[in-house]
Structures are given as C-alpha cells and as structure tokens.
Amino acid sequence: MSHNSFGHLFRVTTFGESHGPALGCVVDGCPPLIPLEAAEIQAELDRRRPGQSRFTTQRREPDTVRILSGVFADDRTGGRQLTTGTPIALMIENVDQRSKDYSEIRDTYRPGHADYTYEAKYGIRDYRGGGRSSARETAARVAAGAIARKVLPGVTIRGALVQLGPHAIDRARFDWNEVGNNPFFCPDAVAAVQWAEILDEIRKDGSSIGAVIEVVAEGVPPGLGAPVYGKLDADLAAAMMSINAVKGVEIGDGFAAATLRGEENADEMRPGNGGAPAFLANHAGGILGGISSGQPIVCRFAVKPTSSILTPRASVTRDNRPAEVVTKGRHDPCVGIRAVPVGEAMMACVLADHYLRHRGQVGERAPFREG
C-alpha cells in the first residue's frame with residue numbers, strides 16, 4: 001500500500017522526485033471561500049529555498065509555485081482569489097538538477113541513505129539525488145503548510161533551530177525576533193555567530209552536523225485531538241518523524257520529563273478569565289491526554305547529520321561487492337537549517353486537520369461556558 005498522503009479531513013498528497021521535471025502536492029479538504037494567492041505560498045517556500053547562504057546546498061532552485069486548481073476569482077469575488085472547496089493542486093518545477101553528479105553511485109548504496117532500503121522494497125530506485133527520498137520533497141509540504149495556516153484563524157506557528165550538533169542556544173537569550181536575522185533560524189544572536197564559525201569548519205572538512213528544531217504553535221484552542229488513536233501529540237510526532245533525516249521527536253519537556261518528580265512535572269492550574277483555567281507551567285507542551293489544552297503547543301525534533309559527505313565510507317554494490325563511497329553533488333552541511341520551515345508546515349497541516357475534525361464532531365461550540 002502506498003503512503004504518499006497524510007491527514008483525514010485536511011488531506012495532503014505530495015508527488016515528485018529530486019531530479020524529476022517537477023514536484024508538488026494536492027491539498028484536499030480545504031474549506032471554501034478562503035482568500036489564497038500564490039504569493040502567500042511563495043513567501044513560505046522562499047524561507048526553505050536552497051542556495052540562500054553558504055550554509056545550505058548551492059543547488060539553485062527558485063521554487064516558483066503554480067496553483068493549478070481549487071481557486072477562483074471574478075467580479076463576484078471582488079477580484080479576490082478564493083478557495084472553492086475542491087482539491088488544490090500546486091506544482092513546483094525543478095530547474096537546477098545535475099544528475100551526472102550521481103552517476104558513480106548508480107550501482108552503489110550510499111551509507112546512511114535510503115538507497116538500499118528503497119531498492120530492497122521496490123526492486124528499483126531513482127539514484128539521482130535520492131529520488132523520492134530526497135529532502136527536495138519537503139518543498140511540497142511547505143507549500144501545503146502555507147494553505148493550512150489559512151485554515152487556522154488566530155494561530156501563530158513559529159520554528160527555530162535551538163541546537164547545532166552539541167551546541168545549544170542559551171535559553172536566557174531566546175528571542176523570536178532574532179530568527180529572521182541570521183541564516184540558521186536561530187533565536188540566540190550570540191549562538192548564531194558561533195554557529196557560523198562551526199559550520200565553516202564542518203564545510204571545510206567536507207562533513208556535516210545534526211540539529212534540534214523547536215516548533216511552537218500559539219493561539220490553539222483547547223479541544224483539538226481525537227483519543228485514543230488519533231491523539232494530537234501522536235499525529236504531531238508522526239508528522240515530524242516523516243520529515244527526512246528526523247530521528248527523534250518530543251512534546252513539551254519530552255524525555256526531560258523522565259528526570260522530574262510528579263510535583264515538578266504537574267502543570268498546576270488556577271482560576272482564569274472566561275471560565276478557563278490559568279496554567280502555571282507547560283511541561284506537557286500544550287497537550288494533555290492527546291487533546292490540546294489551550295497552552296502553546298511545543299514540539300522539538302532531532303535531525304541527523306546528512307550522510308552526503310566527502311569522507312570515504314565503506315559500502316557495497318547492488319551485486320554485494322565491497323565498495324567505497326564519496327558523495328559528490330551539492331548538499332547541506334546541516335539539513336536541520338532548512339527543516340525549520342518544514343517543521344512549521346507539518347505542525348500547520350496537523351493542526352488544520354484536527355481543527356476540521358474537531359469542528360465536524362462537536363461543531364463550533366465554545367470549549368467553556370461562563371456562569
């Protein structure tokens with residue numbers, strides 16, 4: 001069974017390969033009458049676009065998006081382009097492929113990549129840039145995420161790179177306003193300067209390094225999530241784990257919660273305004289029992305160092321002969337950098353899906369009643 005789609009009511013299907021003519025997605029289930037312009041999607045794609053600094057791949061892709069269906073504009077809409085409730089198809093052309101860079105690994109498996117497992121499963125693989133397993137596929141996710149954000153009124157989703165290899169930010173210097181001021185999406189201005197020096201050395205060595213990304217959603221109402229097998233945190237974890245190179249996900253304090261006592265980990269409550277409680281902490285990351293609590297939803301995921309490096313590594317050929325692999329081509333020394341907008345997009349898609357599912361089950365009722 002193929003699994004190129006995710007979501008229930010807000011459903012996203014992506015298509016395309018790294019070196020194919022194009023990639024894209026189909027978003028089905030977007031409500032009608034939502035204003036949507038290509039420029040809004042393009043703004044998100046530009047944040048992920050390669051070749052914008054020396055710290056990312058130098059593959060030059062404009063990532064220009066085309067909306068092929070699902071929108072309409074005429075004098076009755078005041079000239080505004082609105083969603084129609086039908087599937088929204090988006091396409092992004094590939095224009096800077098260099099397939100010849102991969103000719104040497106046509107019959108050899110790259111260690112740490114999906115070369116062997118794809119061929120073991122399908123009996124065939126597209127060796128040009130990794131084909132479907134390439135992080136290039138995530139451009140389509142970011143495009144879908146831009147639409148998902150439009151479904152979530154009042155919700156703000158932001159991401160940041162909070163750790164580069166073993167080098168974590170200083171939480172005392174965390175500033176969302178800094179994220180757009182450096183090429184790392186780093187919220188710590190001091191750490192960003194240090195990371196530039198570290199990554200320059202990594203690049204000079206022809207190696208790579210991992211990272212930790214944090215994504216926070218604020219303004220999420222309480223009540224989203226479908227226990228017990230459609231918990232909000234379970235779906236978020238699955239969405240983040242589906243991103244290329246992600247090897248771990250945590251919600252709230254995550255694994256650090258295992259080091260706490262019960263009284264330390266409890267998110268105590270006091271009476272708040274409007275009949276809703278006021279929380280005194282957010283160790284749970286905004287999700288309790290698989291349902292959003294109204295607090296900020298906090299998710300972190302770990303990205304491994306890419307295996308596309310210049311260091312010679314032992315491997316085997318398709319006919320099981322010993323081989324040595326040196327990966328050529330243009331690659332990110334830290335794939336975690338451009339994973340930040342991808343993580344935001346996946347958060348948006350999951351929340352949009354759960355928002356529509358919640359509305360379909362319980363309607364538009366307020367989660368709390370006064371009096």
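Think of each number as a place in line: the chain as shown, counted from 1.
Positions of Cβ are set from backbone N, Cα and C atoms, glycine also.
What Swiss-Prot lists as NADP(+) binding site is ARG48, ARG54, and the listing cites sequence analysis. Long-range neighbours of ARG54 (NADP(+) binding site) (same chain, six or more residues apart, CB within less than 8 Å of its CB): ASP200, ARG203.
In three-state terms derived from DSSP, SER308 (FMN binding site) belongs to neither a helical nor a strand segment and is classed as coil. What Swiss-Prot lists as FMN binding site is ARG132, SER133, SER134, ASN244, ALA245, GLY289, LYS304, PRO305, THR306, SER307, SER308, ARG330.
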- Tally every other Cβ atom lying within 10 Å of the Cβ atom of THR306 (FMN binding site). 23
- Item | Cα separation, ARG48 (NADP(+) binding site) to SER134 (FMN binding site) (Å, whole number) | 14
- Query: Cα of ARG132 (FMN binding site) to Cα of ARG48 (NADP(+) binding site): how many Å, rounded?
  - Reply: 18
- Note on the structure: Students should find that the Cβ of ARG132 (FMN binding site) has, within 10 Å, a number of other Cβ atoms equal to 19
